[in-house]
Amino acid sequence: MILNSSTEDGIKRIQDDCPKAGRHNYIFIMIPTLYSIIFVVGIFGNSLVVIVIYFYMKLKTVASVFLLNLALADLCFLLTLPLWAVYTAMEYRWPFGNYLCKIASASVSFNLYASVFLLTCLSIDRYLAIVHPMKSRLRRTMLVAKVTCIIIWLLAGLASLPTIIHRNVFFIENTNITVCAFHYESQNSTLPVGLGLTKNILGFLFPFLIILTSYTLIWKTLKKAYEIQKNKPRKDDIFKIILAIVLFFFFSWVPHQIFTFMDVLIQLGLIRDCKIEDIVDTAMPITICLAYFNNCLNPLFYGFLGKKFKKYFLQLLKYIPPKAKSHSNLSTKMSTLSYRPSENGNSSTKKPAPCIEVE
């Protein structure tokens, strides 16, 4: 917990009554190394995703719009990652000034909300494409997808405004270091509680429930299709993919959300045990690595569910340029069905059930 604040030379001076919390030599070595790996892999992977979707696939489907924006949001975050690597390697000493502190912190917050919102919209799009293919044709347009992405970027920016306002550079007097951090006055609990609950609920709980519901309904629809076509072999890999998508999202973000909430309790003074604070401050950067590394892999993960994405991705790696006139589209592995149950749940029994194809 931080207390006893004063201002001098434009930098707020504060006291930290748990100055050793989270400060371990292995953290100062391991975390910058992980950040560096995430930076290299993320920049390389997401840049290739942008090139494949925009230049090879020509951005012709709703899913491709969401994946392109997902990759762009990740790239915005990744560009600030070297700052955090240096910050951690310097034992949490921030040398870049107040403006970069705000920008880098806002980038982290922005990526969290933008990525989660885009993944949620992608799950809704898959639900509409598979469960309600006929009814959703007028809704699943490129214009709607682009407008949705604009709204998502605006909402993510709005959700990041408190970070820009309240994240600052502070000088901790009893450790003689300058940090980039949030600082809450103990008598004002509205701000930290609001930020923490917003991150937990808007940044995880609601999106996870929507994603879980969407893919559960997709699961049921595909299962019903396989039951009708009893003479066709069931492709269990589709169901494994659905399960992997839900579990991938859940386990990527749950640890970070838990320790974020505990950190808010510490800032409010509700947790005053330095041992617990040490656990939280030590675990926080590790959960950040887990969450954001998986986040940066999402465009590749979702993209490789489509056969055409894999085809063009390999072409790019072989330096094969895109064709001048391309009519390719992005279809995730669950987006195209040659057989679809009718919207009211009834299916014709006069004709043999056609083969189900999932790309």
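A Cβ is built for glycine as well, from the same backbone N, Cα and C atoms used for every other residue.
In Swiss-Prot this protein carries:
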TOPO_DOM  1-25  topological domain 'Extracellular'
CARBOHYD  Asn4  N-linked glycosylation site
BINDING   Gln15, Asp17, Arg167, Phe182, His183, Tyr184, Lys199  angiotensin II binding site
DISULFID  Cys18-Cys274  disulfide bond
TRANSMEM  26-55  transmembrane segment
TOPO_DOM  56-61  topological domain 'Cytoplasmic'
TRANSMEM  62-89  transmembrane segment
TOPO_DOM  90-98  topological domain 'Extracellular'
TRANSMEM  99-125  transmembrane segment
DISULFID  Cys101-Cys180  disulfide bond
TOPO_DOM  126-141  topological domain 'Cytoplasmic'
TRANSMEM  142-165  transmembrane segment
TOPO_DOM  166-190  topological domain 'Extracellular'
CARBOHYD  Asn176  N-linked glycosylation site
CARBOHYD  Asn188  N-linked glycosylation site
TRANSMEM  191-216  transmembrane segment
TOPO_DOM  217-239  topological domain 'Cytoplasmic'
TRANSMEM  240-268  transmembrane segment
TOPO_DOM  269-278  topological domain 'Extracellular'
TRANSMEM  279-304  transmembrane segment
TOPO_DOM  305-359  topological domain 'Cytoplasmic'
REGION    336-359  region 'Disordered'
COMPBIAS  336-350  compositional bias 'Polar residues'
**Complete:** One should report the C-alpha separation between Asn176 (N-linked glycosylation site) and Gln15 (angiotensin II binding site), rounded to whole angstrom, as 10
**Prompt:** Have the transmembrane segment (142-165) and the transmembrane segment (279-304) got at least three CB pairs under 8 Å, pairs 6 or more apart in sequence?
**Reply:** no
**Request:** Determine, to the nearest whole angstrom, how far the Cα atom of Lys199 (angiotensin II binding site) is from the Cα atom of Cys180 (disulfide bond).
**Result:** 19
**Message:** Which sequence-distant residues neighbour the transmembrane segment (279-304)? Criterion: at least 6 residues beyond either end, Cβ under 8 Å.
**Reply:** 21-24, 27, 31, 34-35, 37-38, 41-42, 45-46, 49, 52-53, 63, 67, 70-71, 74, 77-78, 88, 108, 111-112, 115, 119, 122, 248, 252-253, 255-256, 258-260, 262-263, 266, 310, 313, 330, 332
**Message:** I need the CA-to-CA distance for Phe182 (angiotensin II binding site) versus Cys18 (disulfide bond), whole Å please.
**Reply:** 16
**Request:** Report, as numbers and ranges, every residue of the chain located at least six residues beyond the transmembrane segment (99-125) whose Cβ falls under 8 Å of a Cβ in that stretch; write 'none' if there are none.
**Result:** 62-63, 66-67, 69-70, 73-74, 76-77, 79-80, 83-84, 140, 145, 148-149, 152-153, 155-157, 159-160, 163-164, 167-169, 180, 199, 202-204, 207, 210-211, 214-215, 245, 249, 253, 291-292, 295, 298, 302
**Message:** I'm a bit unsure how to read this: which one of 26-55, 62-89, 191-216 has the highest number of Cβ pairs shorter than 8 Å with the transmembrane segment (240-268)?
**Reply:** 191-216
**Request:** Can you tell me which disulfide-bonded residues out of Cys18, Cys101, Cys180, Cys274 are within 10 A of Arg167 (angiotensin II binding site) by Cα, answering none if there aren't any?
**Result:** Cys101, Cys180
**Request:** Quick one: of Cys18, Cys101, Cys274, which disulfide-bonded residues lie within 10 angstroms of His183 (angiotensin II binding site), measuring between C-alpha atoms? Sequence order, please.
**Result:** none
**Integer Å distance between the CA atoms belonging to Cys180 (disulfide bond) and Cys274 (disulfide bond)** = 20
**Item:** Beyond the flanks of the transmembrane segment (62-89) by 6 or more, those residues with Cβ under 8 Å of it
**Value:** 27-29, 31-32, 35-36, 38-39, 42-43, 46-47, 49-50, 53-54, 95-96, 100, 103-104, 107-108, 110-111, 114-115, 118-119, 121-122, 125-126, 140-142, 144-146, 149, 152-153, 156, 180, 285, 292, 295-296, 298-299, 302-303, 306, 329-332, 335
**Message:** How about long-range neighbours of the transmembrane segment (191-216): same chain, 6 or more residues beyond its ends, C-beta under 8 Å?
**Reply:** 112-113, 116-117, 119-120, 123-124, 126-127, 159, 162, 166, 182, 184, 242, 245-246, 249-250, 253-254, 257, 260-261, 263-264, 267-268
